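Undergrad: Look at TrEMBL and you will find 6-23, 82-102, 137-156, 163-189, 195-211, 218-240, 279-299, 306-325, 345-372, 379-401 tagged as transmembrane segment.
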Amino acid sequence: MKSHLIIYGLAIFVRVFLIYSDYRENIADRIEISTPLNSFNRILESYYRMSIGVDPYSSDVLHESPLHLHFYKHIIENTGQYLPLVFVFCDVLTAYLLYLFAKKYILNLRIEQYINMNLYLKHLKDQMLNVSDNEAIPLYVTVMYLFNPYIIFNCVACTTTTFLNLCLATFLYAICSGSVIIGAVSLAIASLQSLYPVILISALYLSVLKYQNSMFKAVISVISCISLLVVFIFSSYYLMGSWNFIPQTYGFILQVSDQQPNIGIYWYFFMEMFEHFKELFICSYQINVTILYFIPLTIKFRKDPVLLGICFIMLTGIFKSYPSIGDFGFSLALLPVMKYMYNCMQQIFVSIVAIITTTTLAPILWNLWIYWGSANANFFFGTTLAFITAHIFILTDVSFAHSKHDYLLKYGNDRTINGQPAKLVLG
C-alpha cells in the first residue's frame with residue numbers, strides 16, 4: 001500500500017508541476033498531442049460561442065457531441081482555475097481502474113490455467129502465470145500508465161482523450177467481470193465521443209457470455225449498449241434543437257475533413273492525392289479500421305474477450321482519423337498484462353526501439369519542416385509512418401504470440417523434421 005501511495009503521489013506531482021509550469025502552452029500546442037478532435041482550446045472557444053448564443057457547430061471548431069460539450073460546460077463553470085486538476089484526477093482514476101482490470105484479468109487467467117492444467121505439459125510451468133504475477137503485473141500496468149510520457153503530456157495538455165481513456169479503462173474492467181451495465185454505459189459514452197470504440201461491442205458480448213454463461217444476458221448487453229448510444233444521440237439533438245452536430249462530429253471523423261498533420265497517416269494521403277480519388281480511399285481506410293478486422297479478430301480471440309478488447313483498442317488507436325499520443329500511450333500501458341506471452345514475442349524489442357526513435361525524431365523533423373524550411377512533409381510523414389508501423393508490429397506480435405503460447409503449453413517446442421531438431425516459429 002505504501003508503494004502505491006508513493007507511485008500515485010509522484011505521478012500527481014509530475015502532472016501538477018508541468019501544468020503550472022511555463023512548458024504547458026508549448027506542450028498543449030504540439031500536433032502530436034492536440035488534434036482537432038481532442039483539443040480543449042476548441043472546447044473553450046465553443047463554450048464561449050454557446051454562452052453568447054451562437055451555435056457552436058456553425059463553424060469548424062467543435063467536433064465533440066453536444067452531451068460532451070455540456071459536460072465540459074459544467075466542469076468549466078464549477079472548477080474555474082482548478083480545471084486542469086480535473087484532468088489529473090481522471091488520469092489517476094484511469095490508472096487505478098487499469099490496476100483493478102489487470103488484477104482481475106490475471107486472476108481469471110490463472111483460474112483458467114488451473115482448470116486446464118491437465119492439458120498442459122508439466123515441464124512448461126515457467127510459461128504459466130504464478131502467484132507473484134497477481135500483484136506484480138497490475139503494478140507494472142499502473143506504473144506504465146502513470147509515468148508514460150505520452151500519457152503525462154496528454155494530461156498536461158488537458159486533451160479530451162483523457163476522458164476517452166477513462167471510459168476505455170472502465171470498459172476493460174467491466175468486461176473482466178462480465179458486467180452488463182458498466183460495460184454497456186462506458187462503451188456507449190466512448191463511442192459517442194470517438195465513434196471507433198463501437199467495434200468493442202463484440203468483446204462486450206463475448207465477455208458476458210463467458211463470465212455469466214448466459215446467451216440472454218450477452219444479447220441484452222449488446223442491445224443495451226446500442227440503445228444507450230441511440231438515447232445519447234437523441235439527447236444531443238434535444239439539447240441543440242437540430243442535427244447540425246452530426247456532420248461536425250461523426251461526419252468529421254469519417255470524412256477526414258481536416259488534413260492538419262498529426263502522428264497518423266491519413267493526413268498525408270488525403271493532402272497529396274487527387275480529389276477524385278478521395279472518396280475511394282476514405283471508404284478503404286474506414287473499412288480497414290472498423291469492418292475488415294472485426295469478424296476475423298472476434299473469431300480468433302473468442303475465448304479471450306479481454307485480449308480481443310485490447311487488440312481492438314490498439315487497432316483503433318493506430319488507424320483512427322485523428323490519433324494522438326494519448327491513444328498510443330493507453331495501448332502501451334496494457335502491454336504488461338501480456339507478460340506471460342513475452343517469451344513468444346519476436347518483435348517487441350525492435351518495435352519499442354522504433355517507437356522511442358521515431359518519438360524523438362518527430363519533433364525535430366517537424367521543426368525542420370515548419371520553422372526552418374530545410375525539410376518537407378515527406379520527412380515528417382516518414383517518421384510517423386515508422387511510428388505507426390512499430391505499433392502494427394506490436395499488434396501482430398500479440399496476435400501470433402497468443403496462438404504460439406497456447407500451442408506451446410499443450411504440445412511443447414521440441415519438434416523434429418526428418419530426424420533433425422526444429423523450432424516452431426509463427427510469423
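Glycine is no exception: its Cβ is also placed from the backbone N, Cα and C atoms.
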Undergrad: Report, as numbers and ranges, which residues of the same chain sit near the transmembrane segment (218-240): CB under 8 Å and 6 or more residues beyond its ends.
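TA: Result: 55, 57, 65-67, 70, 180-181, 183-185, 187-189, 191-192, 198, 201, 204-206, 208-209, 212.
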Undergrad: When each of 82-102, 195-211, 279-299, 306-325, 345-372 is checked against the transmembrane segment (379-401) for Cβ pairs under 8 Å, which one has the most?
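TA: Going through each listed stretch, the top one turns out to be 345-372.
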Undergrad: Taking contact to mean 3 or more CB pairs closer than 8 A (sequence separation of 6 or more), are the transmembrane segment (195-211) and the transmembrane segment (82-102) in contact?
TA: no
Undergrad: Three or more CB pairs closer than 8 Å, sequence separation of 6 or more: does that hold for the transmembrane segment (279-299) against the transmembrane segment (163-189)?
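TA: Counting Cβ pairs under 8 Å, fewer than 3, so no.
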